[in-house]
Amino acid sequence: MPAVFRLPSHALSSTRAWPQHGRLNYTGQVNQHAQIRMVAFDLDDTLAESKSPLEESMARTLADLLAVCPVCIISGGQFEQFDTQLLANLPPDTNLDALHLMPTCGTRYLRFYEGLWHEVYAHDLSHAQKLAATEALENCAKRLGLWEPDDLVSGPRIEDRGSQITYSALGQQAAVDDKKAWDPDGSKREKLRAAVAKELPDLEVRAGGSTSIDVTRRGIDKAYGITSLSRQTGIGLDQMLFIGDRLMPGGNDYPVAELGVPCHAVTGPADTQTYVRGLINELTADGE
């Protein structure tokens with residue numbers, strides 16, 4: 001795993017001058033009145049299947065995008081998941097200096113600096129908050145009949161990610177097809193999310209991946225992460241484009257849409273890749 005250190009403040013004092021490009025709106029048409037200066041993505045079920053490595057073609061597409069525009073990845077997983085799922089599969093020529101990582105829904109922020117990944121900030125839950133979240137998730141899941149039998153679960157159901165507690169109904173290592181089949185319309189997750197939120201009024205509770213619920217500190221979600229990204233980089237919210245698969249109300253991408261950030265909803269990695277290839281063509285053509 002790449003080393004992670006606190007990033008020195010002087011490393012954030014300057015930003016690379018990027019070409020000024022037109023920005024695509026929701027329908028994929030260039031909006032000449034605005035500019036894309038950052039493209040942000042969810043990870044699971046957007047860039048890659050849940051807990052699965054980036055496909056080679058997607059990795060190449062992401063590297064090509066990084067050559068023309070800064071990119072942020074913001075997702076519910078820990079940095080270790082970003083490392084094995086994303087970083088380990090990028091081509092050697094990828095411009096990592098242009099990549100911004102926000103694990104655990106933006107409660108952590110990392111940049112690549114002098115050959116290493118460095119932590120800019122982290123907002124961890126307190127011990128008491130972690131205990132309360134763990135108890136609420138287990139109790140509500142059992143009460144609603146969503147605590148699956150042990151023989152259907154692969155890996156831990158509840159994971160302490162420092163700044164986030166995550167419940168995975170089938171376990172962290174469940175097969176992708178099993179996850180997709182468990183709650184195809186999202187109704188189970190929404191029922192559990194609503195119940196847990198009532199038990200944890202001082203914390204943020206969001207539906208995460210295809211079987212998961214994420215709990216973070218109140219007010220710290222992907223909207224917080226994207227707002228912090230804007231503050232750190234000097235790039236306006238209206239100059240960003242967010243791409244994700246959970247942009248519906250209650251989804252953990254939805255807070256970004258509520259900010260007013262231009263968003264594009266996708267149905268999975270193949271849909272994302274098609275859209276991003278078109279985006280790269282538009283950005284490249286506009287910069288010529």
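Using the three backbone atoms N, Cα and C, a Cβ is placed for every residue, glycine included.
As given in TrEMBL:
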type	residues	note
ACT_SITE	D42	active site, nucleophile
ACT_SITE	D44	active site, proton donor/acceptor
BINDING	D42, D44, D245	Mg(2+) binding site
BINDING	R161, S212, D214	alpha-D-mannose 1-phosphate binding site
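Those residues of the chain, other than D42, D44, D245, with a C-beta within 8 angstroms of the mean position of the Mg(2+) site C-beta atoms are F41, L43, D45, T46, L47, S75, G209, G244, R246, D253. When the alpha carbons of the residue listed as 'active site, nucleophile' and D214 (alpha-D-mannose 1-phosphate binding site) are compared, the span between them is 14 angstrom. A straight line from the CA of S212 (alpha-D-mannose 1-phosphate binding site) to the CA of D245 (Mg(2+) binding site) spans 14 Å. Looking at R161 (alpha-D-mannose 1-phosphate binding site) and the residue listed as 'active site, proton donor/acceptor', their Cα atoms lie 16 Å from each other. The Cβ of D44 (active site, proton donor/acceptor) has S50, K51, S75, G76, G77, G209, S210 as same-chain neighbours under 8 Å, each 6 or more residues away in sequence. For D214 (alpha-D-mannose 1-phosphate binding site), the same-chain residues that are 6 or more apart in sequence and have a Cβ closer than 8 Å to its Cβ are G76, T104, C105, Q164, I165, T166, V205, R206, A207, G208, N252. On its own chain, D245 (Mg(2+) binding site) has D42, D45, T46, D253, A265, V266, T267, G268 as residues at least 6 apart in sequence with a Cβ closer than 8 Å to its own Cβ. All chains included, 24 other C-beta atoms sit within 10 angstroms of the C-beta of R161 (alpha-D-mannose 1-phosphate binding site). Of all the Cβ atoms in the protein chains shown, 26 others lie within 10 Å of the Cβ of S212 (alpha-D-mannose 1-phosphate binding site).
Take the mean position of the Cβ atoms of R161, S212, D214, the recorded alpha-D-mannose 1-phosphate site; other residues of that chain with a Cβ within 8 Å of it are G76, G77, T104, C105, E159, Q164, I165, T166, Y167, S168, G208, G209, I213, V215. Around the Cβ of the residue listed as 'active site, nucleophile', a 10 Å sphere holds 27 further Cβ atoms from the protein chains shown.
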